């Protein structure tokens, strides 16, 4: 027994089998082949029941919030607008009460105006900050442009201002040439052979050849 154990210990252990990896084709085939769809743990009827329950809870919450707002509004109105006691009041007392009510209305209007001014200011600041953010990001908001028909003269007038007339008057910058000068140039060009003969001294020889 001891010899067998010693022989087993002396022999080299066999190498483990190499792990076979799937090729790209195998992975592609595995991805494209149909697999059994996993069944959902919740049935369709159970899902419908849960959705209905969630909608009912949301509806109850909205109704509760609306009731709380109505109650809060009633409490505020009861504290600020107390019922008037007009029994046993004389003419002068009624006038004093009307003056007090008018003064309270004026005060409320002033407060409302101040609140509206603050809201308008905040809206303007928010719009300015939003535009600055767009500018920093490089996203410029395009303004709404209207199509306007305009002539070329009006466009040049708008672009150049007082220089529009000067730029449009192109003939003023051209050199004026008289008709007499043009005829003179044509006459000189037409007699170029005579001029060449006179300059070259060939007029006598030409007569000999012609004779």
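Cβ coordinates are placed from backbone N, Cα and C, and glycine is handled just like the others.
Annotation comment: Swiss-Prot describes 1-25 as region 'Disordered'.
Summarising the annotation, Swiss-Prot assigns phosphoserine to 5 (among others).
Here Swiss-Prot flags 6 (among others) as phosphoserine, drawing on a large-scale study or a structure entry.
Under the heading phosphoserine, Swiss-Prot lists 23 (among others).
Marked as phosphoserine by Swiss-Prot: 24 (among others).
Remark: secondary structure over the region 'Involved in binding TNC' (33-80) totals 37 helix, 0 strand, 11 coil, with classes taken from DSSP. Per Swiss-Prot, region 'Involved in binding TNC' is recorded for 33-80.
As annotated by Swiss-Prot, phosphoserine applies to 43 (among others). For residue 43 (phosphoserine), the number of other Cβ atoms no farther than 10 Å from its own Cβ, over all displayed protein chains, is 10.
Per Swiss-Prot, the feature phosphoserine maps to 45 (among others); the stated evidence is similarity to another entry. Neighbour count (other Cβ atoms within 10 Å of the Cβ, all protein chains): 8 for residue 45 (phosphoserine).
The phosphothreonine annotation in Swiss-Prot covers 52 (among others). Within the same chain, no residue at least 6 positions away from residue 52 (phosphothreonine) has a Cβ under 8 Å from its Cβ.
Positions annotated as site 'Involved in TNI-TNT interactions' by Swiss-Prot: 81 (among others). Annotation for residue 81 (site 'Involved in TNI-TNT interactions'): no spatial neighbours, criterion Cβ-Cβ under 8 Å with sequence separation of six or more.
Marked as site 'Involved in TNI-TNT interactions' by Swiss-Prot: 98 (among others). DSSP assigns residue 98 (site 'Involved in TNI-TNT interactions') to a helix. Its Cβ taken as reference, residue 98 (site 'Involved in TNI-TNT interactions') is surrounded by 10 other Cβ atoms within 10 Å in the chains shown.
Summarising the annotation, Swiss-Prot assigns phosphothreonine to 130 (among others) and lists similarity to another entry as the type of evidence. Under DSSP, residue 130 (phosphothreonine) is assigned to a helix (H, G or I) in the three-state scheme.
Looking just at the region 'Involved in binding TNC and actin' (130-151), the mean pLDDT is 74. The region 'Involved in binding TNC and actin' feature in Swiss-Prot is assigned to 130-151.
The annotation phosphothreonine is assigned in Swiss-Prot to 144 (among others). For residue 144 (phosphothreonine), no same-chain residue 6+ apart in sequence has a C-beta under 8 angstroms from its C-beta.
Residue 151 (phosphoserine) is surrounded by 8 other CB atoms, counting those within 10 A of its CB over all protein chains shown. Annotation source Swiss-Prot lists phosphoserine at 151 (among others).
Annotation source Swiss-Prot lists phosphoserine at 167 (among others).
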Same-chain residues at least 6 apart in sequence whose Cβ lies under 8 Å from residue 130 (phosphothreonine): none
